[in-house]
Every structure is written in C-alpha cells, then in structure tokens.
Amino acid sequence: MTFRNCVAVDLGASSGRVMLARYERECRSLTLREIHRFNNGLHSQNGYVTWDVDSLESAIRLGLNKVCEEGIRIDSIGIDTWGVDFVLLDQQGQRVGLPVAYRDSRTNGLMAQAQQQLGKRDIYQRSGIQFLPFNTIYQLRALTEQQPELIPHIAHALLMADYFSYRLTGEMNWEYTNATTTQLVNINSDDWDESLLAWSGANKAWFGRPTHPGNVIGHWICPQGNEIPVVAVASHDTASAVIASPLSGSRAAYLSSGTWSLMGFESQTPFTNDTALAANITNEGGAEGRYRVLKNIMGLWLLQRVLQERQINDLPALIAATQALPACRFTINPNDDRFINPDEMCSEIQAACRETAQPIPESDAELARCIFDSLALLYADVLHELAQLRGEDFSQLHIVGGGCQNALLNQLCADACGIRVIAGPVEASTLGNIGIQLMTLDELNNVDDFRQVVSTTANLTTFTPNPDSEIAHYVAQIHSTRQTKELCA
C-alpha cells in the first residue's frame, strides 16, 4: 500500500485546526484526523480590532510538532485562511503596524469614496469583485491615510495564509485565490491592477505576482531535520471549501456555511455585466482557472455573537428549542452593515425588528429562530439572483463547512429555496486544502478527480424540500406580493 501524509492548517475567523490527512493510493481512500484545534477571535489593541497572529503561529507550530512527535513523515503542508486581511513587513521581514481585522471600523466611508472617485462600474469591470466595506483596497487606503508614518517602513504586504507560510519557510508568495478577495487584482490579467493599487495608496512593490494554487513555496524544517514542502493551496478558505464540494454537473450550486455564508456556482468565465454589478456578485478566483461566482452572506457570525453574549454552551439544546417555535415571526436582513460588528448583537437584532414593527425576539430560542429564518430567506433570494444571472435554475445545493451540521438550518434552506440540499463534508476547507496538496504530489489528476474521492469518503446527508412547511408558504406569499407590485407598477 502507498500512503501520503499531508497536513492542512485551516484558519477560520473563530477557530483554527491542524489536520492530518492520510491518502491511500490503491483504494483512493482519504481519512482525516484532528491533531490540534484552537480558538481564534478578535482582540482590541491600541484602538484597533486585531488578530493575534503570534498566538496563531504558535498554535500552528504546536500542531505540526505534534505530528512529527508521532513519528509520521509529512509529505506536504498547506495553509488556508479567511480573505482580505494582511500583514505588513519591513525589509528585514519584521512586522510593521498591527494585523488589523476586517471588522475594524477604520474603513468606514471609504468604499463610497472609491466609487465616487473611480466609478463603481470601472472598479467592478477591473476586479470583478463585490463591494464590501472591508475589502483590502479600503483597508490599505485607511492605513495610508490614517497611519502615513508607517509607509516608509513597509516593504511587503502578505495576506494571512501567505504570511504564515512565510513564517514557516522564509519564502514569500502571493496566492491567487486569496489575492482576488482584495479587490485589487485585475480580472483580465490575474495581476495587481495599477489603477486600483494607486487609489489604495499601496506601492506595487509590496506585492509579487499572484501564483495559482499548486506551487511549492518553500520548506519547513521539522524538529527531526526533515525538509517538508509547504504548498500554496487555494489559500482562501472558501476556495478550498469549493474544491471539496462534491458538485455534479452544471446545475449544482454551493453554500459554504460558517462564520460567513458564501453561496455561488463555478464558472469558466466571470460575470461582470450590469446585472451582476447590480446584484453585487463577486467573481473570486478558484482552482484550475475557474471562477467562484458567488455572494457573501453574513452567516453564522450573528449566532456566534448571540451565543457569546447570552453565555450559551449547549447549541443542540438551543436548536431543539428553536425548532419548536413558529417560522418567520421575526425576520431581519443579515447582510445589513449594522450586524458587521455591533457592540451588542442581541440588542441590534431586537432594534432591527422594532424598527420594522415586528414582534421583538427576547428569549435565546427566539433570537436563534430569527437568525435561522432570516438566513434561509436570504439564501432563497441569493439563489434566485444567481439563477437569473446565468439564465438557468439550479437542481441541487451543496452545503459544506461547519454550518452544515445544523440540520434545522439545512431543512429551512431546502424549504425556502425549494431545492434539494446535500449537506457535507463538514471539514470542506481542510479537504480542499489537502486536495491541492495531493495534486501537487501527483497523486490526483485534477479537481474533478478529487471530488470523486470526496463523494465516496465523506458523510453526506440529503434534505428534501417540503412545500407545505411554514417557511415555504412564507416565501410563496412574498413572491406573490412582489408579482402583484410589479404588475401594478
């Protein structure tokens, strides 16, 4: 039997994990084992919301060392993280300034300023990326305007995954899938757009040309002295999650469900027409030259904050209590900017309901019900937008990532969207990370080949839409009201 041992470092906004994958070539089987799991979260430092990158690096090294201590010879390592955030380095590779998080308020007003000065359509035609107030382009503009004293010291800007790969190898890389989240990469050249960079205030010399997934960045020397290749995987965690989504055929959509919900489909060509711009659709880079045509949805961040504020530790019990409540009594727009990082999420949700003359969710279960129903309704709207954009309906939706363990939300999604939902795999980002490593090691041919492996090894659960459910009736009522308004317009 021929085995490969690959390690995936998967960093999310709320937690991180070091996972060991064992791939058996002859039977094409893939098993995952969690080596080390650790918390991640926002910190307050010198008036900024930041990440503790030193703690994250220590946790990564601890996990890698644990694998080596077991006597396992690692064939390769890959790192994926969330998008848009970056670390600045000087000529000696030392950090400049703080690793500020995307939920910091320093970018307030800058997106509107960019649209006014550069033109919204021109920015979109250049980048193909949706307008989000925390995109890297606005973070860099905030930095150069608010902290100009740092500029002379900056030699390099590395996105998070590239920074941690640099810390392991001493080599710098700018991986393409994550680079596209910055709104600074030109969609036609796959290189940094000089006009957008100029507006951000950043120097093009801070960046190297983006590399597509699959190159070896450098080597990590383990405690035993072995040189282990560190592979540039699809380092945006959503890009990795999509690679591991067992999509079958062109009518399959995906929903990567976690702190953020990202819903979309794969395409060989980007969508940058006026319809896509009006819907704020993004065309993020994927593996093998594919585009991830998708839309960001605020996701389970709202629930995470409610759990934290209400000190709720038993999530299954909360979901069970939530399931007993009537649907759609309280609904909000999860994508409202007010929910990006409010002082108190519970109060913000209640205020949104109060302002729209709805009942006020008071109990833990009512708040959770509000979040789940609102997400499912937004999923239905976004799926409809995506289908209209490409001119073809979807036949199934693959929900992957940690959020796919929420059976109630999966069923609500199926009912609201009127589509078959297939949930799993849970560790999609980790698996996609491993998939690129196995391709780099010449164990697999391509993404479609890897998806066949995932389909046969992952635990997948199907949810069939119930047209008689409360939320399905609610959606039908909304659509009927919309059609009436359109006829009367």
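Cβ coordinates are placed from backbone N, Cα and C, and glycine is handled just like the others.
According to Swiss-Prot, the ATP binding site annotation covers Ala13, Ser14, Ser15, Gly16, Arg17, Thr259, Gln304, Gly402. Applying an 8 A CB threshold to same-chain residues 6+ apart, the list for Thr259 (ATP binding site) reads Gly12, Ala13, Ser14, Trp82, Gly299, Leu300, Trp301, Gln304.
Residues annotated as disulfide bond in Swiss-Prot, with sequence analysis given as evidence: Cys68-Cys222 (among others). Cβ neighbour count for Cys68 (disulfide bond): 16 (other Cβ atoms within 10 Å of its Cβ, all protein chains included).
The secondary structure of Gly83 (substrate binding site), as reduced to three states from DSSP, is coil rather than helix or strand. The substrate binding site annotation in Swiss-Prot covers Gly83, His236, Asp237, Thr238, Asn296 and rests on sequence analysis.
Per Swiss-Prot, active site, proton acceptor is recorded for Asp237. Under DSSP, Asp237 (substrate binding site) is assigned to a helix (H, G or I) in the three-state scheme.
Here Swiss-Prot flags Cys353-Cys370 (among others) as disulfide bond, drawing on sequence analysis. Every protein chain considered, the tally of other Cβ atoms within 10 Å of the Cβ of Cys370 (disulfide bond) stands at 28.
The disulfide bond annotation in Swiss-Prot covers Cys413-Cys417 (among others). In the three-state DSSP scheme, Cys417 (disulfide bond) is classed as helix. Counted within 10 Å of its Cβ, the other Cβ atoms near Cys417 (disulfide bond) come to 26, all protein chains included.
Cβ-based neighbour count (10 Å, all protein chains) for Cys222 (disulfide bond) stands at 17. Take the mean position of the Cβ atoms of Gly83, His236, Asp237, Thr238, Asn296, the recorded substrate site; other residues of that chain with a Cβ within 8 Å of it are Trp82, Asn178, Thr181, Ala239, Ser256, Trp260, Leu262, Glu284.
Residues Ala13, Ser14, Ser15, Gly16, Arg17, Thr259, Gln304, Gly402 are listed as the ATP binders, and the farthest two of them sit 18 Å apart at their Cα atoms. If you compare Cα positions, Asp237 (substrate binding site) sits closest to Gly402 out of the recorded positions Cys68, Cys353, Cys370, Gly402, Cys413.
Note on the binding-site residues Ser15, Thr238, Asn296: the fewest other CB atoms within 10 A surround the CB of Ser15. Annotation: His236 carries the greatest number of neighbouring Cβ atoms among the binding-site residues Arg17, His236 [cut-off 10 Å, Cβ to Cβ].
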